[in-house]
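Below: one structure, written as structure tokens.
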Amino acid sequence: MPSVSERSTKIAATVALTAFAAVALAFPELAPNPYILSVGIVVLNYAVLSTSWNFVGGFTGYISLGHGALAGLGAYGTGLLITKGGLPSFVALGVGAVLVAVVAIPIGYAALRVRGASFVIVSIALVLVTLLVFQSWASFTGGSRGLNVPRPFPGMLRPEHHRVFFYLFLALLALAALVWWLIDRSRFGLGLKAIREDEDKAETLGTPTFAYKLVVFVVSAFFTGLAGGLYALWFGDLDPIFQFSILTGSYMVLMALLGGVRNLFGPLVGALIVGSALEYFKVEFGNTPLHLVATGVLLALVVLFMPDGVLPALGALLRRLSPTTDTSIREVTAAELAATGGDRQHAESRNL
Amino acid sequence: MLSLETFELTKAFGGNLVLDKTTVSFQHGKVNALIGPNGSGKTTFFNCVTGLIRPDSGRISYAGADITRRSPHAIARAGLGRTFQLCRVFPRMTALDNVLAATRPRGANLLRGARGRAEIDRARGWLTKLGIEHLMQTEARNLSWGQQKLLELAGVLMSEPETVLLDEPAGGVNPALLDRIGGLVRDLNAEGRTFVIVEHNMDLVMSISDHIVVFDRGRPIAEGPPSLIRTDERVLGAYLGA
Ligand SMILES: Nc1ncnc2c1ncn2[C@@H]1O[C@H](COP(=O)(O)OP(=O)(O)OP(=O)(O)O)[C@@H](O)[C@H]1O
Ligand SMILES: [Mg+2]
């Protein structure tokens, strides 16, 4: 029996989701020009990346700064499968993502053995190694001259092309979110969260933590690869320095942390905020390192004042503002407590 | 019947020899106690047995099978459950989820909802047995120390271990709670569960255990029923301090 405040949070979430879906679906029509539409695509791409990252970061608490490399592998995999393998664009996208997932098995096997700061460092190494490989293996990857990925819809005009890709990214976001939600409510998901809370304890209860981590890492890599590949099809031009950048992974982390890693929509909210802010900084101040400074400050603020992210902070605010009966645990009688199975107390204790 | 046994189990931390060729066995279907002074290696012994720490040498077997190099989850699945001296729960999960996290789904079951009716009923059963059912929806970090200890025990029992290792179940727990834990151990033992209990509270140890092993500096120096241990001179010298 959910308490009043829990119900109001749920209603607020449903309203917000419906509003987001409506705006997102109408966005290509509402966008005043193709540039704004392309910003929408970039933000959606960030949202998919960050949601994909959150399969690992949110469930297990392992902070990967290396997911940029997985996105880059997805992008290059897709591009190379088209240019060198002669595959149709969307077949290449799917095969590319599967390949990223396969490559993620040995990567995860090595990286997930270490925890905490060591894992972060190993994940950074992944980006550096892939960058080196893709830069120096010029005969295959095009090196720093870049790789041209043929457009999937050759005859299509630019605004129409943006429109189509906006919806493709939106569909991919919905798919990633759906899978995240399915895991979140599953027994597998509960096991992953146990790892986040206390990995050794989870082991002693009989959870094969390493296998759990590896599986969810591969799922995460698959969606990250899809996001990278779809970006390659849309953007059409890949450069290793941008594809295998430590920044991409850092943005994913920042967005997820900002929105809230325990929440399905946390990464999306983070992407909306950070993605738009990044574009704004680029337009307003050009190619200065200013956006990096701003990102750093934002990260510090989040960590200091909203360690759980925007969404939980909003939820708490909502609960405090909503006129509910459960204002204080001391006003709840024992009989009421028994009747609600302690739900009130739960809702209250989370407010503390 | 074979239960938990170690053969020349050795573990040193740096130059600190904590387990020194420890050869010991515990009786199946009984309430065993493992006692000894602070730092005598009791917790380290549990950590080795449950796979959290690799011993330097020696063997550990359980129910006739060698479990020395198995991973902790495999040892847990073989039937050995444990609690921790500094009790460990999943702080940001509700009490209910803490207990549900102890189920061991396999295959397609992994993707089923975590809060199945049958599981919830079973979890509620354990929480009720330990008297914390009303806190089911409370996050574990908001429970008191004693409640967290009860919750940890509920989680371990949910995983249905054949043998339960308890590391100081009475530590920091009030006398009324102590009786509840003691009674529960007795009940569960009557249903066939084996216990190995590390405990400093001698009243509890003497009243619930069938068999006592005394550690001193990582070696068993005495073992036997409570009546014998109570009067053993080496034990009195090393531990009971009389
Ligand atoms: N992880 C570790 N690293 C280094 N030394 C350790 C470690 N764990 C235990 N020790 C050392 O091993 C010795 C035995 O510790 P242990 O915790 O096993 O004793 P204990 O019998 O459980 O004591 P207590 O009754 O106080 O809980 C101590 O000297 C301790 O400092
Ligand atoms: Mg100890």
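The first residue you see is number 1, and the count goes up from there.
Cβ atoms here come from the backbone N, Cα and C positions, even for glycine.
It should be emphasised that the depicted structure is a prediction, and the values quoted were computed from it without experimental measurement.
Residues annotated as transmembrane segment in TrEMBL: A:36-56 (among others). Remote same-chain residues near the transmembrane segment (A:36-56) are listed as 27-28, 62, 64, 67, 71, 159, 162-163, 165-166, 169-170, 172-173, 176-177, 179-180, 183, 213, 216-217, 219-220, 223-224, 226-228, 230-231, 234, 248-249, 251-253, 255-256, 259, 261, 266-268, 270-272, 274-276, 279 (criterion: CB distance under 8 Å, separation of at least six residues from the stretch ends).
Annotation source TrEMBL lists transmembrane segment at A:63-83 (among others).
Here the transmembrane segment (A:89-112) has long-range neighbours at 62, 66, 70, 73-74, 77-79, 81-82, 119, 122-123, 126, 150-152, 210, 213-214, 217-226, 228-230, 233, meaning same-chain residues at least 6 beyond its ends whose C-beta is under 8 angstroms from one of its own. The transmembrane segment annotation in TrEMBL covers A:89-112 (among others).
The transmembrane segment annotation in TrEMBL covers A:119-138 (among others). Taking Cβ pairs closer than 8 Å, the transmembrane segment (A:119-138) reaches residues 62-69, 72-73, 76, 107, 110-112, 144-145, 240-241, 243-246, 249 in its own chain, all 6 or more past its ends.
Residues or ranges marked as transmembrane segment in TrEMBL: A:164-183 (among others).
Positions annotated as transmembrane segment by TrEMBL: A:210-234 (among others). Outside the transmembrane segment (A:210-234) by six or more residues, the chain places 41, 45, 48-49, 51-56, 59-60, 62, 67, 70-79, 89-90, 92-93, 96-101, 103-105, 107-109, 111-113, 149, 151-152, 161, 165, 168-169, 172, 175-176, 179, 183, 188, 191-192, 195, 243 with a CB less than 8 A from a CB of the stretch.
Feature annotation from TrEMBL assigns transmembrane segment to A:240-257 (among others).
Outside the transmembrane segment (A:264-281) by six or more residues, the chain places 13, 16-17, 20, 39, 42-44, 46-47, 49-51, 53-54, 58, 173, 177, 180-181, 184, 251-252, 254-258, 290-291, 294-295, 298, 309-311 with a CB less than 8 A from a CB of the stretch. Annotation source TrEMBL lists transmembrane segment at A:264-281 (among others).
Sequence annotations record features per position, and here TrEMBL assigns transmembrane segment to A:293-318 (among others). Sequence-remote contacts of a segment are chain residues at least 6 beyond its ends whose Cβ falls under 8 Å from one of its Cβ atoms, and for the transmembrane segment (A:293-318) they are 5, 8-9, 12, 250-251, 254, 256-263, 265-266, 269-270, 273-274, 277-278, 281, 350-351.
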(request) For the transmembrane segment (A:164-183), could you work out the same-chain residues 6 or more beyond its ends whose Cβ comes under 8 Å from its Cβ atoms? (result) 24-25, 27-28, 37, 40-41, 44-45, 47-48, 51-52, 54-55, 58-59, 153, 156, 189, 192, 216, 219, 223, 226-227, 230, 233-234, 264-265, 268
